[in-house]
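**Student:** If you scroll down you'll find the structure; I have some questions about it.
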Amino acid sequence: MFNKILQLECEKVWTYGVSQCVAIPLTKIDTIDEVTGEMNDTSALSLVVYGESTQHLELMDGLIEQILDEKWKAYGRALWFRSLLGFIFFYCCFVSAYMLRPSSATTEHITRGRINDDGETESTNSSNYLQWHPIDTQCHLMYYSEWPWYHGWFRLGCEVMTIVVMLFQILFDLGDIRRIGFQKWFNFLKAFPAKLMFKGAFLFILISIPCRLACSFHEIFLTIDNTMAIISVLLVTQHFLYYMRAIPFVGPFVLMVYTIIATDLVRFAMIYSIFLVGFSQSFYLIFTSCERDSTLIKKTDPLGSEFNNIMENPVDALLRTFIMTIGEFSVLYREMAACDNFWMKWIGKIIFLIFETFVSILQFNLLIAMMTRTYETIFLTRKEWKRQWAQVILMLEMGLTPESRKMHLLRYTRPTGINKRVRSYVVVSRGDGEKTENEELAAREAKEEQKREERKQLLKKKQREHEIKAKALALMSAKLKTEVKKRRVLRQQTVDANSRL
């Protein structure tokens, strides 16, 4: 139906034999509005790219794919490389700002004098010694001049550059939100989890700034600063996955990771958490009972019990059980075997056997099978990666101004007739040209007839193979019967000869 609509709307430019050149108006097809340059959410390209069903993927071939290729050549590739280089620069400054942090402001370095460029403490007279104070250890990140140049002034420069680049990025995002609206901006962004995490990292970086300045009030601000740094590093690094989606030999694997996390791991976690909570609390009760018996024995004989409780609270039991599911169960089983309560020891061994069977073996192998199925499905569906690649192009397009979009639109379109404002995309077809409805029906019937003939040939081939196998089995059975008869005759002749002898 989509191709039929395109045939009705297209305008023939020239025809030569079986080849023809047609101009297809892009008013309702392209995402760029021809008049204003704004994004058109109701265009065919937008509906196909952001369609949730797999049937939308069937429309990725033909005209839609050609338009996406033109967009990638016109501005997508250049914007992608420029954005990647900018992020690499930001990432280098960001990582340097956090990785060059000194471990702590020790009393040796802060109270004994100034640190030189070699990381050694300069000796000073005792009259110049600083008085030690807890603030010196809480605010050691603020003493840029007290550390070597790479821990001090260079780190300060990287921090300032990180904040400046981040503020510029926030201003650009605010400009996009003002131009297209927050709802549309967020709809573009939520298709890229890695970019969403990258934007979320800005919030944690901004929170760490006042925490750094307020370090002298309480040591909790240093803890918050370190926590924000840990979260920010994790979120910012994931942004590389956004750029990997546009690379043909890496993009499908990024899509596999997203799909496995969103489908297989979520379903597995829902089932696994039920078993994990139940078995962890069972082990906690068993180890609590064993600890009580061990305490009673140690009161009379300090060396009488070798039991050590590794599950002192329910949270420790939960973590220890999770660690046991990934293969590290020797510590738990050793301590359970050392339990002084006979009944608890054997009950624990039985529960351990059940847990290993139904969780470590059954469920984890089920998870591997689920992930394998998802991997094979995506690997065989190349069109799904095309949709991800198209989303990257439209995300880059969203960051352009309306004037820039209109200029790029002129590079891969031509005017429609005498109207210079309405643009069309020129397609040259080297085939039978436009077919009538009867010709299309005849071609479809011929194709169905060919499929039926192929099925008949396949059935005949299978029947022939079955007959050959049956004949081979009958022949082998006859040979086997003949061989058995020969052996029986030979055995009888041997018996008769022995009796005559």
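Yeah, the Cβs are placed from backbone N, Cα and C, and that goes for glycine too.
Annotation comment: TrEMBL describes 437-457 as compositional bias 'Basic and acidic residues'. The domain 'Ion transport' feature in TrEMBL is assigned to 176-378. Marked as region 'Disordered' by TrEMBL: 437-463. The transmembrane segment annotation in TrEMBL covers 79-100, 152-175, 196-220, 240-261, 268-287, 350-372.
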**Student:** Could you pull out which residues elsewhere in the chain have a CB under 8 Å from any CB of the transmembrane segment (196-220), counting only those six or more residues past its ends?
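**Tutor:** Residues 134-135, 138-139, 141-142, 162-163, 166, 169-170, 173, 189-190, 228-229, 231-232, 235-236, 238-239, 242.
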**Student:** In the same chain, which residue numbers or ranges, 6 or more beyond the ends of the transmembrane segment (79-100), come under 8 angstroms Cβ to Cβ?
**Tutor:** 150-151, 154-155, 158-159, 161-162, 165-166, 229, 232-233, 236-237, 239-240, 243, 246, 392, 396, 399-400
**Student:** What same-chain residues lie close to the transmembrane segment (268-287): Cβ under 8 Å, and 6 or more beyond its ends?
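**Tutor:** Sequence-remote neighbours of the transmembrane segment (268-287) are 309-311, 313-314, 317-318, 320-322, 325, 332, 335-336, 339, 344, 347-348, 351, 355, 358-359, 363, 366-367, 370.
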**Student:** With DSSP as the reference, give the number of residues of the compositional bias 'Basic and acidic residues' (437-457) in helix, strand and coil.
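**Tutor:** DSSP composition of the compositional bias 'Basic and acidic residues' (437-457): 21 helix, 0 strand, 0 coil.
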